[in-house]
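According to Swiss-Prot, the domain 'Glutamine amidotransferase type-1' annotation covers 5-228, on the basis of sequence analysis. According to Swiss-Prot, the feature active site, nucleophile maps to Cys100. Feature annotation from Swiss-Prot assigns active site to His200, Glu202.
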Amino acid sequence: MECPIIALSVGFSNNSQPYVEAIIKAGGCPIVIYPGLQRNSIPPNIDGIILAGGESVHPNRYGEDFDPNAPKSVDVIRDSTEWGMIDFALKKKIPILGICRGCQVLNVYFGGSLYQNVSSCGFRDIHRPSKPRHYLAHKVMAKPGKLKNILGSNVIDVNSIHDQGIKTLGMGLQSTVISDDGLCEGIESKDGLIIGVQWHPEAIIDKQPHSLKLFQYFINRSKWHMKQSNIFSNVPHESSFYRNSIISIPIAP
């Protein structure tokens with residue numbers, strides 16, 4: 001059986017292995033893409049895009065200067081790469097899953113803004129606890145929408161590893177998951193092609209059933225894109241080339 005090809009965008013400092021394992025477990029074939037990939041070099045046959053966690057989105061992307069109270073860990077090359085990947089996905093109607101930073105990237109891409117340091121903006125300091133990545137830091141509440149259907153519950157426990165957070169919502173996006181202190185923790189487009197979560201499901205995929213459900217939903221949407229591409233192109237899909245191997249595209253900055 002052919003599996004959909006998933007472009008996984010990470011930073012050079014990321015540990016991509018948990019994401020790769022989650023994609024494979026859900027039935028996808030991952031391609032790991034690093035910052036610096038040019039728009040005209042995006043693999044043309046990808047069926048889905050995952051924007052992983054990592055450095056903060058540069059505040060100039062949403063019209064702000066650096067907050068002196070916020071960590072200044074940014075990657076402008078990765079920002080540019082992922083903007084190009086989102087452009088590509090929207091043009092091709094490819095599903096996108098944003099995780100932590102990836103969720104924030106999606107929000108800013110569509111014109112939203114971010115809190116640069118949620119712990120200094122009136123939110124309880126539970127969003128970056130000094131705990132292992134799999135530590136369940138707090139609960140989130142799902143409102144009616146695609147994410148609630150995927151997660152299968154109104155309230156779930158999640159981990160939390162972030163400084164930034166969604167402030168104003170991007171155009172065309174809905175905030176359908178919130179933390180118990182009121183911070184947006186999940187976004188989605190009306191058609192379900194764009195999903196973003198603030199937590200790290202790849203780190204708790206063996207601990208919380210809703211994590212695997214999220215990846216399975218995304219892979220199933222990607223499979224649908226793969227099938228549609230095959231129908232309209234009349235060309236066999238190339239995922240057999242990637243099966244049983246993980247392809248990395250390391251582009252130097």
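Glycine too: its Cβ is placed from the backbone N, Cα and C atoms.
Remember, it's a predicted structure, so these values are computed and weren't measured experimentally.
This view paints the features noted in Swiss-Prot onto the structure.
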{"residue": "Cys100", "record": "active site, nucleophile", "Cβ neighbours (10 Å)": "24"}
{"residue": "His200", "record": "active site", "Cβ neighbours (10 Å)": "23"}
{"residue": "Glu202", "record": "active site", "Cβ neighbours (10 Å)": "28"}
Length of the line joining the Cα atoms of Glu202 (active site) and Cys100 (active site, nucleophile), in Å: 11
Inter-residue C-alpha distance, Cys100 (active site, nucleophile) and His200 (active site) (nearest angstrom): 6
